[in-house]
């Protein structure tokens, strides 16, 4: 009886899966078109899955092994099942292989079950709680059904009742694993995830045989020339189709939720919920079936949307509230942690673009800052002619006078900020001590456009960027050095698309190079213990984790690392215009970060970003002092040991006058 | 209703922009539910001006009527003609332009020419019905005066009027500038003027002799010292006019 029933069951579930897949594909195709090389993507998919995705999953060793056993076992078992039971090729090794595969899958599913016994808050419950049982149902029933096929049990073992019971369990297993994969259910992540990896909108993120992928963190430019095109994303169908596909790939593991600073601060954002809301919107319906943590302070079940309905309503409620989108600090912690390589920040900025460019609804100080950027080229509304006032006594060489220099020192808007001016003065002292041939743009410099872009004002960003590129093209320099990681990121990663390709260095990288070249000499560190805070836009955005630590090491400082450091560093709360839109939460993000600092017992936290400095220094009752790396270096400068001669001694004398 | 909009000038950089007060006027118009709002500008159309005018369109308008005028012309006749041709119920204007003459006289001259009443310094328009508008006029120190004015009328906005909404790039780019022709009247008087950069006027020092925070607060919140003033009630128009005339003579305004 099984011999006739099994092929029918398998064929039926496969046929239903194909229909489901077609329906799912139709949902994705509601999105806008996107240039994707389909065949190349499919060919690259196995490697992206086995190398890049696994690299992220493997940060949690137990879960990684569990997934390898379960998923590997399932894929093998499914293929062999079709061969053995569907086509009746049980002879020889195939049957035994199927036994092994289903056994492996069962072992994996036991670990899945174990994790589901006391699941951490970040995991979604609901249908996900039945997944280990479904995995077991599939693997066990396949295992049992295969036993007679390889001859371990007699063909007619047991009664027809046993066979029927086995078939029922198998139907459950097939239902979840094959039918559910394309019709929606926990296993959807496998189908959508595989295609998402193949058709990812940032193909350059992935490694190839030739080498590592790059971090690919620059936002993509919006075409502003087409006057009739709506700007940004208003409805779920305004996303590109591969973005929709990416949302559908979410496994609801909640790693993003666990690292999101806004979620931890009690601001109404949860990256996982946001992605699930996009899936709800794509298919149409309400978020009532969502079984994970809600946006803090916003109960589940009050929002609904459709593929062509607005995501954010002008008034009242739609799919997502605007304050959810404005809570994001664009720190990319979620993207860094996501095992499915979903691009949360891209999606959030896409939706912000619509709110700013079409609705004109940037909250709180957003509109004022954008108006300032338009009228004065800096977010504070200061006189562009006052940009160099902090350096009135330094006689900084101007590009306008020199026309060329080895290093162009990009000051950033910190030039107007009295705290950051101290950092800048220190940096100038360091550069002079190392005898670097540098010049500044002076009043010709404008805001890089970082804040405007992240507040969704692509028009102002492009206007600033194009004018900056025009200014930079007038002069000759080898590289740009800046102490602002936001400018660093924008100049280095986002100007390229608009025609400006530059070699940009963060000042910590540059100082490390100078030190390695023997051009800087430090006296030994006498202060207390020090920790280092990785700025998001330097670390996660640009992969620079080592240079600042190398500089600190050169100063004789042993860094007491915070629990969340390096690529897992927690945001200071200053990115993405978050201090400007200022969405209220239960606590402040910088307070949490200074809490991290306190845990290390450090008396001083070294930073490398004006935003981080401002945010962390704004913490009341902090246990540690906040100093920029440039300041620490400037304080430790000494003349070169006697052998290198008089020249650097005069340099030092000059440098002393600077501060 | 029609809002008169002008090209503004940023106080720090001098870049053209939507004028703050005119934008407040637009915002004031938008607070009235169901109002049909037209934007009207008389002036030259060039790149800088266009960007500034599009700033008003970005507040949610499809079109702006632009009466094209050469640079040194008097906008008054052109505006008066346009308003006379299709009289709106209410004309809203800013207190004064941010560049050019900036005398703040345009609404008054317009009202005189059209024979319409004028109310200055509005904080809100509360209601427009039956040919009468109920408006709230802003007075110093947060005081308000409710007035009823017969329509059509011209009103100007005060800085106390609601702050203008953000101008959105998309609608600003998509909106139309509907250019219309009007007779050009050269501004003969202005042609004879000499222009030079304004000098910052010295600020009068306000010396507060206060021993305590309470005194300082009282000084800051005190009403303007008048003392010499006179409130006339229940007098005829002639008596009132005579009193005003007498005061102007005394103050040396009229000679």
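Glycine is treated like the rest: Cβ placed from N, Cα and C.
Marked as domain '4Fe-4S ferredoxin-type' by TrEMBL: A:241-271, A:316-347. Residues annotated as transmembrane segment in TrEMBL: A:6-22, A:68-87, A:93-113, A:134-153, A:159-179.
Touching of the transmembrane segment (A:6-22) and the transmembrane segment (A:93-113) is ruled out by the presence of fewer than three CB pairs under 8 A, sequence neighbours closer than 6 excluded. Long-range contacts of the domain '4Fe-4S ferredoxin-type' (A:316-347) within the same chain, counting only residues at least 6 positions beyond its ends with a Cβ under 8 Å from a Cβ of the stretch, are 48, 52-53, 56-57, 189, 193, 196-197, 200-202, 205, 217, 219-220, 233, 236, 239, 243, 246-247, 249-251, 253, 255-256, 258-262, 267-269, 271, 274-275, 277-278, 280-281, 287, 295, 298, 302-305, 309-310, 355, 361, 363, 366, 454, 536, 540-541, 567-571, 573-578, 581, 583, 585, 589. As a whole-number mean, the pLDDT of the domain '4Fe-4S ferredoxin-type' (A:316-347) in this prediction is 96.
Remote same-chain partners of the transmembrane segment (A:134-153), defined as residues 6 or more beyond its termini with a Cβ less than 8 Å from a stretch Cβ, comprise 2, 6, 70, 73-74, 77, 81, 84-85, 90, 95-96, 98-99, 102-103, 105-106, 108-110, 112-113, 166-167, 169-170, 172-177, 180, 186. If you look at the domain '4Fe-4S ferredoxin-type' (A:241-271), the same-chain residues 6 or more away from its ends with a CB under 8 A from one of its CBs are 24, 27-34, 36, 120-124, 128, 186, 188-189, 192-193, 195-196, 199-201, 278-279, 282, 292-298, 321, 323-325, 327-329, 331, 333-344, 346-347, 350, 564, 568, 570-571, 573, 578, 583-589, 592.
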